[in-house]
Ligand code: 5AD
Ligand code: SF4
């Protein structure tokens, strides 16, 4: 859909990399540009504005951005020959960390903006259309972007049955390896009233599950209407009182912020799903210390123990980094042991990659690449065994599944178990948006298949 002459409508194409927070931010940028006439389009050549929402967390992020920019330059030039302008914007964490370099290497970029300044996007677009040069805005402004972004009218995630809601941003933890405190800035929480209002709108628009997002979501401390500051547990309690909201999840958490109230919430709130992504990164105290994580392996195990006391079936997920500077074979073995001790339902694992400007990047004793490769392989093999074992243990059980959309095969619908497992069944589209019991029949590579209990009863 291209803008016809005289038409106020303009095409907007957003390319998103990285975490769910970026997915959420892309939806918000689309929202702030709507009043200017921008509507989403599927391809860059139909777009009057293209935004690359970037991620800087691991390797080669900037290179990916530059190669995409190379492709977009061709599109921009082609459109220019037809007299059509294309505003190119680079947003997100690469923009924050490497804004000046982007403009130096890709001078055809019009706007560079960091994650804290999305509410100023309309003004930047106006300036970019007037100015000859590029507009750069990677401040950490005193005003909060949460105070300026419009509340959405409807969930922006496809399907809308499960929605993501950012409640917290930034991080003050300064893990040795991580760019987030530099790109996303200091920890900040959104006020309770605004979170509840957005959640209600999402539910009105059909959401049955909301995942609360934040880089350090369990550090949440939002100003509440009662004049107090609420933690995540209190917020989850208030959310669980919203009629029609059946499921609440949150991600990503830090072990240090897993307080008693939040552990108790896993026992007391049926809507709080029995799944927790709680990154530990390493099982070696020496490396945890070098990473500045602020906890030991034993403290993590103790947390897991208390969570399982509160909610015995809770499924655990984690992030791991292998090859952090200084990691020896013994350190790596301690990580393997922690994994054996916990038993994870799923996990993400990465080779350490130096991020410029972070303390670990300059550390002595960088681990050679082949050693990292071997460690990652061994770690992933162990995690795969655990994930399969966790999924196998649900075969034969009946689980409530929230159906979110059609499956890949005709006549199939798919959804999620309480433990975030993907589940496919043969069933009618009318069940999409509903929670229905499914008897799990089989484990596939990364999902489960089953049969609808209701249908069997009537068969
Ligand atoms: N190298 C490798 N992995 C990293 N992560 C963050 N920074 C780095 C890095 N420099 C991983 C951590 C974090 C996840 C989102 O990405 O495991 O929890
Ligand atoms: Fe990065 Fe550590 Fe903050 Fe997580 S807790 S965002 S890994 S600095």
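Positions of Cβ are set from backbone N, Cα and C atoms, glycine also.
As recorded in TrEMBL, the features of this protein are as follows:
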type	residues	note
BINDING	19, 55, 93	[4Fe-4S] cluster 1 binding site
BINDING	171, 175, 178	[4Fe-4S] cluster 2 binding site
DOMAIN	10-130	domain 'MTTase N-terminal'
DOMAIN	157-389	domain 'Radical SAM core'
DOMAIN	392-454	domain 'TRAM'
- Task: Using the centroid of the Cβ atoms of 171, 175, 178 as reference, list every other same-chain residue with Cβ within 8 Å of it (recorded [4Fe-4S] cluster 2 site), in sequence order.
- Result: 173, 174, 177, 179, 180, 181, 215
- Could you tell me which of the binding-site residues 55, 93, 175, 178 have their C-beta within a distance under 6 angstroms of some atom of ligand 1? 178
- Among 19, 55, 93, 178, the binding-site residues whose C-beta sits under 6 Å from ligand 2: 178
- Query: What are the DSSP helix, strand and coil residue counts for the domain 'TRAM' (392-454)?
  - Reply: 6 helix, 33 strand, 24 coil
- Cα-Cα separation of residue 171 ([4Fe-4S] cluster 2 binding site) and residue 93 ([4Fe-4S] cluster 1 binding site), in Å? 13
- Query: For the recorded [4Fe-4S] cluster 1 site formed by 19, 55, 93, which further same-chain residues have Cβ atoms within 8 Å of the site's Cβ center?
  - Reply: 17, 18, 21, 22, 54, 56, 57, 61, 92, 183
- Which has the fewest other Cβ atoms within 10 Å: 55, 171, 175, 178, the binding-site residues listed? 55
- Within 10 Å of the Cβ of residue 93 ([4Fe-4S] cluster 1 binding site), how many other Cβ atoms can you find? Include all protein chains, please. 25
- Task: Taking the Cβ of residue 19 ([4Fe-4S] cluster 1 binding site) as the centre, count every other Cβ atom within 10 Å, in any protein chain shown.
- Result: 18
- Name the secondary structure element type, per DSSP in three states, that contains residue 93 ([4Fe-4S] cluster 1 binding site). helix
- Message: If you average per-residue pLDDT over the domain 'MTTase N-terminal' (10-130), what number do you get?
- Response: 89
- Which of the three DSSP-derived classes (helix, strand, coil) applies to residue 55 ([4Fe-4S] cluster 1 binding site)? coil
